[in-house]
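Read through the structure below, which is laid out as structure tokens, and then see the notes.
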Amino acid sequence: MEYLTIKELILASEGQLVSKCNEEILVNDIVIDSRKASKDNVFVAIVGENLDGHDFINLAINQGCKTIIKNKNNNVDIENKEINVIEVNNTEIALGDIARFYKNKFEIPFIAVTGSVGKTTTRDMVHSTISAKYNSLKNVGNLNNQFGVPLTLFNLNKGHECAVIEMGMSGFNEIEYLVNIVHPQIGIISNVGYSHVEHLGSRDGIFKAKMEITTNFDESSLLIVNGDDDCLKTLKNKDLVYKLKTFGFEKNNDIYCESFEMDEDSINFRAVIDGKKEEFFIPTVGKHNIYNAMAAILVGINLNMTIEEIKDGLKNFQCTKNRLDIIKNNNLTIIDSVYNASIDSMTAALNILGRYESRRVAILGDMFEMGEFAEFGHRQVGKAALENVDILIAIGKDAEFIVKELKESNMNPDNLYHFETKEEAIEKLDEIIKANDTILVKASRGMHLEKIVEHLNK
């Protein structure tokens, strides 16, 4: 982060300096975790669901922090009076306002990425691609919400030439809030699925929420979407104020995949771009990752990269941990995809498992936030599993619908297992798993199936 002054913090947050020791202090980081507070950064006291940052202000000060941003309506007793205290109406909003102020110091392209499935992989692939030419910033891990996006922007420095910002959401107006901070020139929607349908009511609601990425778009802006997605393809027939580019396998897209060959850990595919055929390589698996790569190709073209530069960037792609990591250990092949799950990502992962010639074991847990679609969603996963697994182990209340669907589809019940908890499953795993098995492990994040992966890796 480049330095900010106290005066700039006050201006950006529309705050009031109620206590001061030195207005000339320069800060080079902004944190919301008191454990990271130091003499060179600012601690913003965020009120969260479980913790109130105001309770940790004195801890931050004891660690040397000289500048605090707090809510006006919180009367926390600050023991050390020799610090800068900026009061604001709402620290969460102030964090975003400061991030917007800081981001506006950089005249570089900002690319926003969202989607129901695969947005982190799309983000990583876009970042890998454009990094072949440009020094680029991206979110670290899953810092993609109203806190994570501002914290990501604070990592910008004068050396950056591009920024790829993933934007997550679980309800309406959340992406709109983020794009009002970032003001991206390019937006990407990877797909529209059923993630967070419990909060958004329907797939149409999810589509509407994802389209918030175009807030503030004008004729110079570019939206890149999956043109095979039945929701997103409707944009092709609309009169839009911004530019639209599509990717997919259907030939009416701006870039489409004509053919592909998938190895155990990589894909070679041929894409047609403006009538010209090009060969690409990506060091990951899954047909869905060809979609992600084509989105990245369109970004690269828009940023004036050559096709060779784009190819080089894609070759260097590295997948974020727990997203289709392939681990070979103890005579087992483990496909670790425990970070999160949805109908589409479960189906994609099962299709990858289905390509293996060894005995195929799927260990699948609950998909969260499905609401009234829970049974439907888990049964859809069961349908996808039918041709792709030899053994299925379901964990969790809703995951039982996967087993029910497979039983009703006449899969051998001796090859189906259901456990209420991961602990129960772990007790039986050694009896079920055999040498040379290929094992997919996938569920929503809250199921914590990384414990299963750890057990298999022992």
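The count begins at 1 with the first shown residue.
Quick reminder: no glycine exception, Cβ is built from N, Cα and C everywhere.
Taken verbatim from TrEMBL:
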- 30-102: domain 'Mur ligase N-terminal catalytic' (DOMAIN)
- 113-299: domain 'Mur ligase central' (DOMAIN)
- G115, S116, V117, G118, K119, T120, T121: ATP binding site (BINDING)
- 323-445: domain 'Mur ligase C-terminal' (DOMAIN)
If you run through the domain 'Mur ligase C-terminal' (323-445) with DSSP, how many residues end up as helix, strand and coil? 51 helix, 31 strand, 41 coil
With the ATP site defined by G115, S116, V117, G118, K119, T120, T121, which remaining residues of that chain have Cβ atoms positioned within 8 Å of the Cβ centroid? T122, S190, N191, N292, S345
Using a 10 Å radius around each Cβ and counting other Cβ atoms from all shown chains, which of the binding-site residues G115, G118 yields the largest count? G115
Mind checking how the domain 'Mur ligase N-terminal catalytic' (30-102) divides into helix, strand and coil residues in DSSP? 25 helix, 18 strand, 30 coil
So how many other Cβ atoms are close to V117 (ATP binding site), meaning within 10 Å of its Cβ? 24
Within 10 angstroms of the C-beta of T120 (ATP binding site), the count of other C-beta atoms across all shown chains comes to 24
Could you list the residues of the same chain, at least six apart in sequence, whose Cβ is under 8 A from the Cβ of T121 (ATP binding site)? T284, N289, N292, C319, T320, R323
Other CB atoms, at most 10 A from the CB of K119 (ATP binding site): 24
Close in space but at least six residues away in sequence, with Cβ under 8 Å from that of S116 (ATP binding site), the same-chain residues are S190, N191, V192, G193, Y194, S195, H196, I206, K210, S342, D344
